Amino acid sequence: MNKQPQISNPKSQIRSRPLALIILDGWGYSPKREGNAVALAHTPNYDEISRKYPKTLLAASGLRVGLTPDTAGSSEVGHLNIGAGRIVQTDLARISNAIKTGEFFENEVLKNAFAEAKTRRSSVHLVGLLSDGDVHSSSETLFALLRLAKYEEVKDIFVHPILDGRDVPPRTADVYVEALEIKLSDIGVGKIATLCGRYYAMDKDQNWERTARAYTMLVHSEGERAPDPVSAIRSSFLRGISDEFIQPVVLEEAGAPVASIKNDDIVIFFNHRPAQVRQLVKSLAVSDPNEAAVKPKIHAVCLTEYDRAFDLPVAFRQENQDNVLAKVFAENGVLNCRITETEKYAHLTYFFNGGVELEHPCERRVLVASPKINGYEAQPESACFKVTDKLLRGLEAGENDVFIANFAAPDLVAHTGNLEKTIEAVQFVDTCLGGIVEKIRELDGIAIITSDHGNCEEMADLLTGEPNSTPTANPVPFHLVDKRADGLKLRQGGALEDIAPTILGILKIEKPIEMTGRDLREV
């Protein structure tokens, strides 16, 4: 392990000038105005920052952040790269490569799961997001699992697709399910047993009543009954219910449910991204002595490591990221405060810290509740003013050296596809930026204003003009707000991996050798 060099009395060198890293979630850059909430919004504070202070653009997608080529960025991947100071090979890229090389089909954990199903003569249930958005899951992974089931001669395979509409265009779930039915027929194994929107099955904000709806669908066959999944989805569309909000549906054959999860069954969760599937996995597969309900005794497998505390078999274990920014802060006595709303809590903690739950020494976490609403277009500011209040109070108190704050509203509202409300979200965040920069200047501090991935800057398909609610592959802005930085030029061609080394350079702390990113002030 590479021990960080200690600097003499680091607090006296750092504390005199507070540093704030402001992450504007989903705020990318595009030169086009059509469908661009950033360009269409009235943003006097952001415009002044852009005119007055050094700036550059950073790559936040594809190979530059450890994804497959041309893949759009995401909040998780963005925070992982920002906090690690290097390009982090994502779980998706590793799994995709394993499928290509054939390593996937020799995976011991997956093969053991199918072997156990044969031994027990039990069913295998595949649960995950049906999407080719590649943010939370990949259709490629689901199809590979089906091929492995066929190869292992396991016949009772049931798919429980969770419907997307956020990372892919809305009102497309019927198309994805039709494609899945064709694939099931081509491979020669598997039936669709249930379906529901991700609003229920992928809540990450402790709305356990939503998770319970998905649980009772899977275990007790509670939900709307339908003989055909595509017709059920289109019926929801006609009622004005889009993909992610489709209520639990139980498919029937001969008047009885196709399948439910029972004792001794195997359940494979095929999402590669942990945060949004944790609650469902916990409700199904993790014993809790405080729960009154008796869960079925299942054998659960997680595609990636959703939570070490679950103690469940993991097919693709996480690669260790040593000497991430949080660890360097801890070893150099840098008191850092993370401020975010609950929707982005995992991003600013788990992902920012290299994909581990560990809270390092010198690290403080301030959490603000996200509003409990069905869609963020109903409250486009989300919790940005509360996050700002916490940040301003922290700066005034002077008890931390570094502040890291996430402003979630641009991303959350952009995912609804509502351009008008996303423009409002951008304007609310702009108001917050005005107060933050004013306080930073008053304290002779430094603010880095950047983003984790693009979304709100491209909310219309550039070819068709249709609404777009999915992340983009656009670069993101990077602004260095420092009244002592007159004449400073920032390097072009950087990526998210360069943010942590830039912060360490400002703090005069040597970056560890594991950080392959470079200080953006090094032109």
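For all residues, glycine too, the Cβ spot is worked out from N, Cα and C.
Taken from TrEMBL, the feature domain 'Metalloenzyme' covers 18-510. Model confidence over the domain 'Metalloenzyme' (18-510) stands at 95, taken as the mean pLDDT rounded to a whole number.
Just so you know, the Cβ of Ser75 (active site, phosphoserine intermediate) picks up 28 other Cβ atoms within 10 Å once every protein chain is counted. Sequence annotations record features per position, and here TrEMBL assigns active site, phosphoserine intermediate to Ser75.
What TrEMBL lists as domain 'BPG-independent PGAM N-terminal' is 95-307.
Shown in sequence order, Asp25, Ser75, Asn406, Ala408 are the residues of the chain, 6+ apart in sequence, with a C-beta less than 8 angstroms from the C-beta of Lys344 (substrate binding site). According to TrEMBL, the substrate binding site annotation covers His136, Arg166, Asp167, Arg198, Lys204, Lys344.
Here TrEMBL flags Asp411, His415 as Mn(2+) 1 binding site. Reduced to three states, the DSSP call for His415 (Mn(2+) 1 binding site) is coil. The Cβ of His415 (Mn(2+) 1 binding site) has 24 neighbouring Cβ atoms from other residues within 10 Å, across all protein chains displayed.
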Nearest-integer angstrom distance between the alpha carbons (Cα) of Arg166 (substrate binding site) and Asp411 (Mn(2+) 1 binding site): 11
Binding-site residues compared (His136, Arg166, Arg198, Lys204) - the one with the fewest other Cβ atoms within 10 Å: Lys204
Candidate nearest His415 (Mn(2+) 1 binding site) in space, where candidates are the binding-site residues His136, Asp167, Arg198, Lys204 and distance is Cα-Cα: Asp167
Neighbouring C-beta atoms (10 Å sphere around the C-beta of Asp411 (Mn(2+) 1 binding site)): 32
Coarse DSSP state, helix versus strand versus coil, of Lys204 (substrate binding site): coil
